[in-house]
Amino acid sequence: MAASLSFIIGIIGNVISILVFASPIKTFWWVVKKKSTENYKGVPYITTLLSTSLWTFYGIINPDGLLVMTVNGAGAIFQLTYVILFLIYAPKAKKVKTAKLVAVLNFGVLGAVIAVTLLAIHGTMRLTFVGILCAALTIGMYASPLSAMRTVLKTKSVEYMPFLLSFFLFLNAGVWSAYAVLVKDIYIGVPNAIGFVLGSAQLILYGMYKNKSVSSKPDEAMEEDGSAHLMKRGIDMHSLEENLSNRSLNKGRSLPKPYIDRQYSFQKIIKTLSLSPYELQLSRLPHESDVEGGNPDQP
C-alpha cells in the first residue's frame, strides 16, 4: 500500500516539477523572437542544469530512483535547451562568460562527480556522496527567492515575486517531501522540507502585501495616462499645423486675392508672430473644426 501511494505521489511530483521546468518557455520564446537575451542572466539555467543532471545520476545509481531519474532527466533536457538558446542569442561578451561557466559546471564539475563516484567510491557511500551534493544544490535553489522576499519586505510590494512560480515551488516541495517520507529518502526529504517552509513564507508574504501593491499603482497609472494624453495632444497639434500649412499652400495656388485680403493677411501674419507659443496654440484651436470638417466659406 505504501509503495503504491509513494508511486502515485511521485507521479504527481513529476507533473508539477515538469511544469516548473517548463515555466521559462515564455521567456525564451521572446528571446528567440527578439534574437537577443537582453538583460536576462544565464546562471540560473546553468546551475539548474547541473542540479537536474546530478539528480538524474542519483536516480540511476539508486535502486528505487526511477521517478527521480525520469523527472530530472526531463528537467535536464529543458535546461539544456534554455542554455543552448542563451548561448545562441547572447551578446558576444556575455556568450563567452556563459560558455566558460557551462564548461566549468556542466562539464567539469559534473564529470568530476561522476568519475569520483564510479572510480573512487564504492557501495552505499556512492549514494551518500551524490545525495549530499544533490541536497545542497536543491537547498540553494529553494533559498534563491530569499532575495525576492527581502525586496518584498523593503518595498512592501510583491511585484517582483510572481505568485504562480512561488505557488508551484511550494507545491513541488510539499509533494516531494511527502514522497521522501514514504520512501524514507533523507536526501530528497531535507531539501524539499526546507523548500516547503520557504515556499510557505513566500505565500504568506504575498497574502500580506498583495493589496498594498495594487493600491500603490493608481498614481503611476494616472501619470502614464497623463503622459499619453499630452503625447496625443502634441500629435493632434502637429497634425493641425500640417493641415493649416497645406491649406495655406492650396490658397497660394488659387487666383490672386484682392489687395484688401492680402493686406489683411499680412497684418494677421505680423500679429501672429508677436504672439507667445501658448497664445499661438490657443489662437489656432478655434480653427480645428474648419480644418477637419472644411470651412464652407473657402473657395
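We count from 1, first residue shown onward.
Keep in mind that glycine also has a Cβ here, set from the backbone N, Cα and C atoms.
As written in TrEMBL, here are the features:
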- 6-31: transmembrane segment (TRANSMEM)
- 43-61: transmembrane segment (TRANSMEM)
- 67-89: transmembrane segment (TRANSMEM)
- 101-121: transmembrane segment (TRANSMEM)
- 127-148: transmembrane segment (TRANSMEM)
- 160-180: transmembrane segment (TRANSMEM)
- 186-209: transmembrane segment (TRANSMEM)
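The transmembrane segment (6-31) makes contact with the transmembrane segment (67-89), as judged by at least three Cβ pairs under 8 Å among residues 6 or more apart in sequence.
Through the fold, the transmembrane segment (127-148) approaches residues 44, 47-48, 50-51, 54-55, 57-58, 61-62, 113, 116-117, 121, 160-161, 166, 169, 173, 185-188, 190-192, 194-195, 198-199, 202 of its own chain, all at least 6 residues removed from its boundaries and within a Cβ separation under 8 Å.
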